[in-house]
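Residues or ranges marked as Zn(2+) binding site by Swiss-Prot on the basis of sequence analysis: 29, 214, 239, 243. Marked as ATP binding site by Swiss-Prot on the basis of sequence analysis: 274. Under the heading motif ''HIGH' region', Swiss-Prot lists 31-41. Annotation comment: Swiss-Prot describes 271-275 as motif ''KMSKS' region'.
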């Protein structure tokens, strides 16, 4: 089977052929650290974490780099508002990033380079562009000559004449027009302003432009050409377009073999924004505070919600959608916990194979442009079967399904679940939710049976309703009462 990826640059799905066979160099644009991460960030970093996990499962050696933009107008504005420094704001929200994103079971990248730690590398790259005639200095600023890069616009599919200044709100809108030789030239270096952090440079004191930062950090950490460059779809233009212009003009090599972008997160069909009042941060959602008016949401339910849609498609966040994801996670979690609850009783050994047919189907889906939403169907097939077997074991004490077959099913579920970052253990408070144990449920059913025997039907109904509120469905029959979790 061949792993294929949709390439934004070529607008088609292509086989993954890395620079060095068996190894993947991957870079994803990180956050500008001036605020808490929101649902859009959650989607991006869950997606790239899962792609990384999948590539490793497929046998690749992956080096994954994700930067922090720790110098930016938004950071400076936040520092002024709070009466603090740029470094204090950056460090605070870098710590917050890790606190929030790790709750979603996102693995740490191999490295997190910061812009402020790569000023010399940025200077060097600008000087190369200047020597090649693709950059010019004026009044302490340095700009990129867009017209000197003939293929500018190849990633976004735009002609230079059709482009609009200020796209994504990040194209040097603070630069005065007379400084530029062309209206679409963009800043590589910005002259110092009073009261703002600045670094010495060949062009005088100043700070880097936004786009040059990623080009310099990629070159420093991964070399001239990487395999996969990831990010949100809103970064295609101008940020990624400008990265290509800078890096490829300087190095005379492709910056990335594959450009891959995840879709945007909508809230009730609208773009998420503070002005619309639908801006939700990760910690608000997980803790049930602030803009999120509902109950705290399980982190694994958030991860499941993200993976239920193909990564390139828009994702609409609604209360109903997240509630459905929570219910789906309960089903999956019950399957993932099956081995912990019944493995000893079934006499399982330490080692067990996975079911090759299911692993193959999962891989076929994943190899098709990371179709993790399709792969989830394999997990739910296993989880539902294990939940059914668990109910049989509770009620009858034994099952007709061979023990070794159940162990293979469970091991397959756990193995493939880990590929998607969907994991649960009995002792992990972040991955499990409080609720009634099997023993609690059986005790309540006995109380209900006693109430029915005494014709106390109001008490019987109360217990049924209590169990139903806890996600437990009762099935009465002449042979007795059976139950299952919803």
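Each Cβ is built from the backbone N, Cα and C atoms, and glycine gets one as well.
Here the motif ''HIGH' region' (31-41) has long-range neighbours at 68-70, 72, 74-75, 77-78, 89-90, 93-94, 96-97, 100-101, 232, 264-265, 267, 272, 279-283, 285, 317, meaning same-chain residues at least 6 beyond its ends whose C-beta is under 8 angstroms from one of its own. Broken down by DSSP into helix, strand and coil, the motif ''HIGH' region' (31-41) contains 3 helix, 2 strand, 6 coil. Each of 210, 211, 213, 215, 229, 231, 235, 240, 242 belongs to the same chain as 29, 214, 239, 243, is absent from that list, and has a C-beta within 8 angstroms of the C-beta centroid marking the Zn(2+) site. In this view, residue 29 (Zn(2+) binding site) is surrounded by 21 other Cβ atoms within 10 Å of its Cβ, with every protein chain counted. Fewest other C-beta atoms within 10 Å: among the binding-site residues 214, 239, 243, that description fits 239. In the three-state DSSP reading, residue 29 (Zn(2+) binding site) counts as coil.
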